[in-house]
Amino acid sequence: MQIEKKDIRALSKDQLRDFFVANNDKAFRGNQVYEWLWSKGAHSFEDMTNVAKTTRSMLEENFVINHIKVDTMQRSNDGTVKNAVRLHDGLVVESVLIPTETRTTACVSSQVGCSLDCNFCATARLKRMRNLEPGEIYDQIMAIDKESRLYHNHPLSNIVFMGMGEPLMNYNNVIKAIDMVTSEEGLGMSPKRITLSTSGIPKMIKKMADDDVKFRLAVSLHSAIDETRAKIMPFSKNFPLKDLREALEYWYRKTKSKVSYEYVVWKGINDDKASVDALVKFCKYVPCKVNLIEYNPIDDGEFQQASEESILAYIKALENIGVVVKVRRSRGKDIDAACGQLANKEAEV
């Protein structure tokens, strides 16, 4: 039976060095190969021209180099770009370039489909097929960086893990990808320009704090009332708000980093005074800011955007206690690239 080869880009630099030592070669070969894989973007071992042919053959026998392919690219009227990204096994994920006047942001995926079941999100309708490898996450970012340079004449300025999947359920691979992006071999981007958005898994938020991560944390909250939140995000029954609160307090004690709350206001769901009051109370637990996000429909109309009056009620109440509030008007809606709309429509093509 043929043994499936491992993607070499899943190895760290130290693991590559150890591999060469274990195979009676010099440790510095690991540095050479690592540079080819990440800084130079080698797509095959034959590309590694300063590596001996016998060494390349040994790598070929033990590993593969899996790269993504941008199958389709759509540009929105507002300049947003959505990529349908084909993986080595034929599965598809989506990633988005979001431009503004001052910066370009990559919205990247961490899973094929999603492990969770948020009722308002198109991705949740896709069962989770698998986690993305570090290289697959990194390649999404590099593809968007190229598009940023092409269309906007400057490199990518920010990254948000708000695409397909729950990043904290693919934690190790997401961390490896972030480490590569922030390294000299990658984009050399400051971790402060990277935001990981989670639906709120308390034990993993605590783990991030213990790991002393330097990137920013956003939580998809959508309600500070357990019963309401469970209707919006059924999985949250397993993670009550008191546990989330405790984890966020722990996060702030360890990191001193503010939390961002992502919050959509829906008609008849969380647009009442009790919901506003509950969020105001929740925002007092740790220093935070709130992003009120325009809702993006996913065909069936079950969830409807609340009135401007309802949104203004949230803004007024939060600003009264000194919380910074931003209203996020979604971009890329005409190409299904906005928040909650990523759903692999290209996968069937």
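Glycine is no exception: its Cβ is also placed from the backbone N, Cα and C atoms.
For Glu94, the entry in Swiss-Prot reads active site, proton acceptor, with the evidence type sequence analysis. DSSP assigns Glu94 (active site, proton acceptor) to a strand.
Per Swiss-Prot, the feature active site, S-methylcysteine intermediate maps to Cys339.
Marked as [4Fe-4S] cluster binding site by Swiss-Prot on the basis of sequence analysis: Cys114, Cys118, Cys121. Summarising the environment of Cys114 ([4Fe-4S] cluster binding site), the number of other Cβ atoms within 10 Å of its Cβ, over all protein chains shown, is 25. A strand conformation is recorded for Cys114 ([4Fe-4S] cluster binding site) in the three-state DSSP classification.
What Swiss-Prot records for Gly165, Glu166, Ser197, Ser220, Leu221, His222, Asn296 is S-adenosyl-L-methionine binding site, and it gives sequence analysis as the kind of evidence. Packing around Ser220 (S-adenosyl-L-methionine binding site) is summarised by its Cβ count: 27 other Cβ atoms lie within 10 angstroms of its Cβ, all protein chains included.
As annotated by Swiss-Prot, disulfide bond applies to Cys107-Cys339, with the evidence given as sequence analysis. When Cβ atoms from all protein chains are considered, those within 10 Å of Cys107 (disulfide bond) total 28, not counting its own.
Marked as domain 'Radical SAM core' by Swiss-Prot on the basis of sequence analysis: 100-334.
Taking every pair among Gly165, Glu166, Ser197, Ser220, Leu221, His222, Asn296, the residues recorded as binding S-adenosyl-L-methionine, the greatest CA to CA distance is 19 Å.
For Ser197 (S-adenosyl-L-methionine binding site), the nearest of the recorded positions Glu94, Cys107, Cys114 in terms of C-alpha separation is Cys107. When the Cα atoms are compared, Asn296 (S-adenosyl-L-methionine binding site) and Cys107 (disulfide bond) turn out to be 16 Å apart.
Taking CA atoms as the reference points, Leu221 (S-adenosyl-L-methionine binding site) and Glu94 (active site, proton acceptor) are 23 Å apart.
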